[in-house]
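Novice: Please find one structure pasted underneath; my questions will follow.
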Amino acid sequence: MRTIIPAAILLIALLAVPPFLGLGWQNALVNLLIASLFALAFNLLSGQAGLLSFGHAAYFGVGAFATLHLMIAVEDGLPFPTPLLPLAGAGAGLAVGLVAGVFATKRSGVYFALVTLAIAELFHSLAPHLQGWFGGESGISAMRMPWGGFVFGSLLEVYYLTLGWVVLSILVLWAYTRTPFGRLTLALRDNEQRVRFLGYDAHAAKVVVFTISAMFSGVAGALLAISNETANYALFSAHVSAQVVLHTFVGGATIFLGPVIGAVVFTLFAYIVSDLTRSWLFYQGLIFVLVMLYAPIGIGGVIRHHLRHWRSIDWSRLAAPYALAGVGGAMIAGGVVFLTECVAILFGEEYAVAMRDAGDTLPPFEMAGMSWDPLGPASWLPPILLLSIGGLCLHRARDRIKPLWDAIEGGAAKEGTR
Amino acid sequence: MTDAPGNSPYSLRLSGVTKAFGSIPVIQDVDLDIRAGERHAVIGPNGAGKSTLFNLISGLFPLSGGDIRLHGRSIAGLSPHRINRLGLARSFQISNIFHRMSVFENLRIGVLARHGIRFGLFRPVDRMRRINDETDAILARVGLTARAHDLAGDLTYSEQRALEIGMTLTTGADVILLDEPTAGMSREETARAIDLIRTVSEGKTLLMVEHDMSVVFSLCDRVSVLVYGNILATDTPAAISANRAVQEAYLGEEADI
Ligand SMILES: Nc1ncnc2c1ncn2[C@@H]1O[C@H](COP(=O)(O)OP(=O)(O)OP(=O)(O)O)[C@@H](O)[C@H]1O
Ligand SMILES: [Mg+2]
């Protein structure tokens, strides 16, 4: 009940709200859903089975291309229902994942990661040369065809199609975790050797997990192809593979819905911030590093930790230091953004031109609608103040939060042994 | 002598078993027959090759030479999971469990394997009555019912050893290998472990590595002494402790045994 009610509210919101949103937001939501499914499929392998893949773009991309080929066939008259197009992505992901999985899972750890990376790179380097399959450098395109009274012309229709497939896939992946094989997947991560001495063919099991993960990645790729009506070899790039790793680990690889949290946060972040600054990829990387350093269990892990101890948390005592930490964090973020944007401007092309025009001096620059003198102390005072006061706030907040949490966790430990 | 598979009077027969790591021989031409239903101990000084012998029998390491028969059928070259399915289960010298899963789930993995539900993808495991009942029964046998839902990694040392023994029971194997199941235990814990091993090995064949001679005396029908990869003698515990060569090679130098 505790999970069903919030899930139902979320689903109703996802169904009811989008018609009232602009195209930009609708598009962002489609991308958010696709990224969520991709991260969840990826985490089946990396989080649940403990096999970290650095090349999941391969199965995502293959799913997209297979779907476009099917769409081209539909354009040419093949009677295939448009809502079922993602089956092509699932099939392609499954087939390619099976072959790749047989080889990749022969190794584990770093070597597994390197093999998966190499497989994705293989696709990335071959695709531009394979005109028939991947459309060369420019890629392939196809139109969504009307089916059964639906035109599939509007973004909203695409959104609902995507939502349906993503929700269905998440339910299937959730059910998977409760089957005998789903439990075996966790056992593989925990202690692969022991699994073998209990009569399981560990290699075969890993191939199956790999294949299922690739299959759902293929569905995610298919949804992207349906939404964009085009794809090119860039889908196979290391950037795509890295993105899904980032989403998963920032969200929390040890929690079923953690990857979804990461995907939502970063897709929204990209949608909002990429219009404001060209440094957004840098900020994204910075967030990843900070989460790995200070909350390696991810955002989902932090949330779960709070939910677990919810009853023993005394918010009247914790709220103030949390607010202080929030203020400190915001100030540090402000300082970092200020400095990053200054650096981006000062080392940018436009400023180089301005410098040449101004002779050998450093002319003032524009930022956030104000003019700043690069040599004036007044320009550097704000970030220095933000960083130092913010740091002080965080330090004080931590000193107050830590004993409170020690008490909460200590109490829980005592309860456990009783 | 060739036995028809299935009705061999021996559960395990090792003939000429040899193992070398690189150029270093660790097991040298070992012959060993374990009768069906007996409790057999392997003793020997540290580094004698006892664990290596277990790793060879259970398929973790490939043989350098010789043959091993399980119920009359050669298992040389088979992988661990095939050997397990032919009826051999083992524990490890260092606890080898699923630390981040519950005690119940640690045992259920093996029970599922026994029923051939290895790749079950279409029914929730919590609804499999027979599987869960059987798991509960094994939990009770090894005395871990109260700990069923705790993480295996949170168990005490001796509880983890009991869990290991439970895991060897789950797959329904009738030949059980235990590598130092009582090492590091207090006197009471050891006494309890002996009782547990005695009851769970009832009607099965047991091969165990054991340093403690009092455990060997109270549990085992026969003992083999392994020194530098060679079997020095195989006999009843009483005869072994009276054996001159054994005393010189092994018992003499470790007065506490
Ligand atoms: N994988 C391996 N590679 C190389 N040498 C090994 C390997 N495993 C064991 N050895 C060596 O083989 C010898 C026998 O080791 P083994 O672990 O079988 O001894 P043991 O009789 O079980 O000793 P202990 O009583 O300490 O458990 C040792 O010298 C050890 O260093
Ligand atoms: Mg040993």
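Cβ atoms here come from the backbone N, Cα and C positions, even for glycine.
Got these off TrEMBL a minute ago, pasting:
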- A:26-45: transmembrane segment (TRANSMEM)
- A:52-72: transmembrane segment (TRANSMEM)
- A:84-103: transmembrane segment (TRANSMEM)
- A:110-127: transmembrane segment (TRANSMEM)
- A:147-176: transmembrane segment (TRANSMEM)
- A:204-226: transmembrane segment (TRANSMEM)
- A:246-273: transmembrane segment (TRANSMEM)
- A:280-303: transmembrane segment (TRANSMEM)
- A:323-347: transmembrane segment (TRANSMEM)
Novice: For the transmembrane segment (A:147-176) and the transmembrane segment (A:110-127), does the number of C-beta pairs under 8 Å, pairs 6 or more apart in sequence, reach 3 or more?
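Specialist: The answer is no, given that the two segments have fewer than 3 Cβ pairs within the 8 Å cut-off.
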Novice: What residues in the same chain, six or more past the boundaries of the transmembrane segment (A:204-226), come closer than 8 Å to it by Cβ-Cβ distance?
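Specialist: Sequence-distant neighbours of the transmembrane segment (A:204-226): 30, 33-35, 37-38, 40-42, 44-45, 48-49, 51, 53, 56, 58-68, 71, 82, 85-94, 96-98, 100-102, 104-105, 144, 158, 161-162, 165-166, 169, 173, 176, 181, 184-185, 188, 195, 235.
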Novice: Can you say which of A:26-45, A:52-72, A:246-273, A:323-347 has the most Cβ pairs under 8 Å with the transmembrane segment (A:84-103)?
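Specialist: Maximum Cβ contact count belongs to A:52-72.
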Novice: Do any residues, 6 or more residues outside the transmembrane segment (A:280-303), come within under 8 Å Cβ-to-Cβ of it, and if so which ones?
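Specialist: That would be 246, 249-255, 257-258, 261-262, 265-266, 269-270, 273-274, 336-337, 340.
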